[in-house]
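Heads up: the structure comes next, in structure tokens.
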Amino acid sequence: MEKSRPLWDNPLQFVFACISYAVGLGNVWRFPYLCQMYGGGGFLIPYFIMLIAEGMPLLYLELAVGQRMRQGSIGAWKIISPYLCGVGVASVIVSFFLSMYYNVINAWAFWYLFHSFQEPLPWATCPLNSNRTGYEEECEKTSTTQYFWYRQTLNISPSLEASGSVQWEQALCLTLAWLVVYLCILRGTESTGKVVYVTASLPYCVLIIYLIRGLTLHGAVNGLVYMFTPKLEQLSNPKTWISAATQIFFSLGLGFGSLIAFASYNEPSNNCERHAIIVSLINSTTSIFASIVTFSIYGFKATFNYESCISKVILLLMNAFDLEEGSLTADNLSEMKDYLMATHPQEYAQLSPQLKNCSLEAELDTAVQGTGLAFIIYSEAIKNMEVPQLYSVLYFVMLLMLGIGSMLGNTAAILTPLTDSRVIAARFPKEVISGVVCFINCVIGLIFTMEAGNYWFDIFNDYAATLSLLLIVLVETIAVCYIYGIRRFEKDLQTMIGRKPNWYWKVMWAFASPLLIISLFIFYLTDYILTGTLQYQAWDATQGQLVTKDYPGYALAVIGLLVAASTMCIPLGALVTFIRKRLKRESVPTVA
Amino acid sequence: MLRVLLLTLSVVAIAHAELCKPDAQNAFKVRLSIKTALGDNAYAWDANEEYLFKAMVAFAMRRYSSKSTTQISNVLLCNVTDRVSFWFVVTDSSKNVTTVPGSEVEAAIRLNRNRINSAFLLSDKTLQFLKITSTLSPPVEPSTPVWLIVFGVVLCLIVAGIVFLIVAGIQQRKKRNKESTERENLEEKGEVTVTVENGIPCEALDLKAGHINGVFAADDERFTSL
């Protein structure tokens, strides 16, 4: 009796799983930054063009391959062509790298979540120094939220070389994060299918709550107006188009093998074309939705900081010139400054280095992305809201849901090929295989909980997946269109869905998407070559800000290894298959 | 008689002016921010408030050192501005025309800062003694950090979930193995008919409503219209 492949209980679970995987932290912390840098509302134009040109076609391709072949990435590409087993292996290796470092973000989200149950929030005030006469020096130089992130969460070392020790608090949170992931993938699609209902829908509830709260905050409109006014001149900047293409590409999570894994658990007659369109549209809409929330938070924070700056200047002037309270307000500040400059020139000159020019534009201009946006900027905005504990808990639960949803996809990409291979699956039940994978990842992930861990995190985040994925997806597209043959693929789709793909899909698969990926690839390579030495941002505790440093030699070696480990699999796989076929041909005697 | 009185008064006034002036030795600057602290309930700073201030400083000096015999007249205020800020100095009642050392005054005020603040309905931030730093109160720290408690709760829940799922999985597998051996035994006896389709039992196949295959859906177009 043949053991049937586990299936999703209904197509909705599959769609939710894909949405949960694709809608991740990148939608929240990368898209708003790109929108701000590359022309505000105008960025949506290249974004949607790229969605249509590469996002939807490539997503449909991966889902169709997975659904047709009904195997994980290694098995699926082997069926397409035996020389392409390296592509599947490369996907698994990239997913492995990703799951190693991605769960650390969940650990940080847990840390902040557990610390949200205090009054006041721990990132709202600076801790006192040793003789209790003032605040900690490092905290004074920078802001309370930055201090909490860099010192109390990461306990970051001044450079990559100074590794420091493993932070036991972070290690505990990382272990918990892996236990949560294990709980969700323990029973395969049975458990994953139920979990994705929560991980896909809860972030939207929180985003809606934050949208309502964000739009009613004082100063939110400043942020929205500033960010969304289109700066159409940015459209002529090639970086805009490249960033749009990159964002669509990485946001959908193509090339990791997760989409193939999810689709392989589908019924063969599932309408993956419709699902591909739905998932990609929902992903892009969520990005825009999240950036509205982010911009209103930015506006609130910028207005708050601007008004504090003005109050500080007023206080300084009042104290220096012993003016009556209430005589200086935000409205008459500039006139009073001129008046004071005229009447007391010497004292004013002495005071002027301390008088900062407060500007709302300058506050709004600080563009942040990544962990900085998620953990520093948002927590800064939250501490100034009413009932900050509630909003803090909601926000970090949302980050957790987004992160765990993406982790489910990553681990599915690693586990599906393993459970498909009869060598391993026959001997060990899937609980044991999942457990071993989670355990290995957790132990390796302890590197990122060391004092220099955040620098290694940045290395993995920037280099582990970028080039390799572009190459993998390029090979995938070319393989399906030209090696497997687009007519054969058309027929397969017709068998599955009931109709052939129309000319839009075929044109995109055969020409547009590969061309786009090749141009992205060339751009990245030239960018790396032209920059020369790679640099990173290190936290300087004495100054209270980030400084740029060069990577040491061994870090560059690790970067090279990360990229090579996955990209080399593709030619190596083809080579190994070729050699194996040659050997088989030679060993089998020719039948007369 | 009148002339002697006038002379002593002027001497005292000049002496006071000598002792209490900005940046004088042992003098302290005080700054109040009444409107910031009290908003609409702010009181005006007048001679009565100054009297209260002198009384509070004298009270602080007396409380600090039991030997002290500071009188309200020993506390001199000068240079009151609109801000409201002024300088004050404490003269020594036993020795004429000298001021109490600044360190003693500082220690006395530090000790009684709370009482002085509450007399004026202000706080450390709104009633500032510019050279006297206040000891900041440390935040309340519970014995076990709160985050560890929440962490412990979540950890227990997750571990319980994992153990439950693993045990349920093992039990299911045992039941399935027992069923399959039973079925094999029954099949050998030929008693159980298991409907089999292509080697896969019908129960394992998906028995949901049929899917419409688009190729065959356009049925009505097969027949040429009349």
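Backbone N, Cα and C atoms are what each Cβ position is placed from, and that goes for glycine too.
Annotated Na(+) binding in TrEMBL involves A:Ala22, A:Val23, A:Asn27, A:Ser251, A:Leu402, A:Ser406 plus, out of the candidates A:Asn222, A:Asn283, A:Asn357, A:Asn441, the residue A:Asn283. Record note: among A:277-298, A:365-386, A:277-298 is the stretch given as transmembrane segment by TrEMBL. Counting only same-chain residues 6+ beyond the ends of the transmembrane segment (A:507-526), those with a CB under 8 A from a CB of the stretch are 50, 53-54, 56-58, 61, 242, 245-246, 249, 466-467, 470-471, 473-474, 477-478, 480-481, 486. Counted over residue pairs 6 or more apart, the CB atoms of the transmembrane segment (A:241-265) and the transmembrane segment (A:277-298) come under 8 Å in at least three pairs, which marks the two as touching. Taking every recorded stretch in A:43-61, A:82-102, A:195-221, A:463-486, A:554-579 and counting its Cβ pairs under 8 Å to the transmembrane segment (A:12-31), the highest total belongs to A:195-221. Listed stretches A:43-61, A:82-102, A:168-186, A:277-298, A:554-579 were compared with the transmembrane segment (A:463-486); the greatest number of C-beta pairs under 8 angstroms is found for A:82-102. The recorded stretches the transmembrane segment (A:82-102) and the transmembrane segment (A:195-221) do not share 3+ CB pairs below 8 A when only pairs 6 or more apart in sequence are counted, and are therefore not in contact.
DSSP assigns A:Val23 (Na(+) binding site) to coil in the three-state reduction, outside any helix or strand. Only sequence-distant pairs (6 or more apart) were considered; of these, at least three Cβ pairs between the transmembrane segment (A:277-298) and the transmembrane segment (A:195-221) are under 8 A, so the stretches are in contact.
In sequence order, A:Ser251, A:Asn283, A:Thr286, A:Ser287, A:Ala290, A:Leu402 constitute the residues six or more apart from A:Asn27 (Na(+) binding site) in its chain with CB-CB distances below 8 Å. Just going by CB pairs under 8 A, the stretch in A:43-61, A:168-186, A:393-415, A:436-457, A:554-579 that sits most against the transmembrane segment (A:195-221) is A:393-415.
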